[in-house]
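Have a look at the structure below before the remarks.
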């Protein structure tokens, strides 16, 4: 719920900031989000809430690479593709995340879990995908965005589990690096995408308040994302993400007008929500989503069997 509330809140605030006040520098704004998150981790470390931990530089570099390619890829994909194909690319993240879990973590999904994921994809597709056209540049951008985002979310779960990192510790390692790289690259990328310079924007009291509010909510969004993926998996987080998509649509209709709200969209929302409920029930049942267990090698089994036989003989003696 923490992740849903903060994610929907930040999208609504950013929508107002970009649509109403013309602040269209998405990558730079993301860098500011991580800068505020870094300040939060510094304060918590000074207060003793974040304990010293270790994350190898090579692992941190790999994660930052995936995370930044995800942000840049999404922004470029939105620029080069239609909204319809952009939404299809976002929907494909669930199958990609499933593939990563099956190959790298040996996860096995039950039939009901697979069908529920399919129902979620159908529902979200019905209410969000409109016109679909694709070009080679747009496809390449979407491909990079989908795979980098899926790998970034997989690595959140993987690194937290491997190095026993709490969400606060993980943010303490990754937020400063992401803030530094995005604040350096962001202004140039935003100028390329929008042909506007972030330093030439007309900063006034209201726009600065909205930027500050966006950065403050982003602290909760970043933290709750790591909590969710750390406790569950990237696939579950993607399903949760589509619940946020539905809520954003509803909130958008509520705050920014009902244009585009029709029976077609409502039916899609209902299908998606039913699929999410089904996924929650199916994945939580025994066998719904579990790691494959492998039998012991034959030679080892024979040794264990021989040892148990000798134990039995000793007991009889």
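The backbone N, Cα and C atoms fix where each Cβ goes, and this holds for glycine too.
According to TrEMBL, the protein has these features:
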- 6-279: domain 'Sugar phosphate transporter' (DOMAIN)
- 23-48: transmembrane segment (TRANSMEM)
- 60-78: transmembrane segment (TRANSMEM)
- 115-132: transmembrane segment (TRANSMEM)
- 138-156: transmembrane segment (TRANSMEM)
- 168-189: transmembrane segment (TRANSMEM)
- 201-223: transmembrane segment (TRANSMEM)
- 235-257: transmembrane segment (TRANSMEM)
- 263-282: transmembrane segment (TRANSMEM)
- 284-317: region 'Disordered' (REGION)
Subject >> the transmembrane segment (168-189) in contact with the transmembrane segment (263-282), cutoff 8 A, at least 3 CB pairs, sep 6+ >> reply: no
Subject >> Whole-number mean of pLDDT values that fall within the domain 'Sugar phosphate transporter' (6-279) >> reply: 85
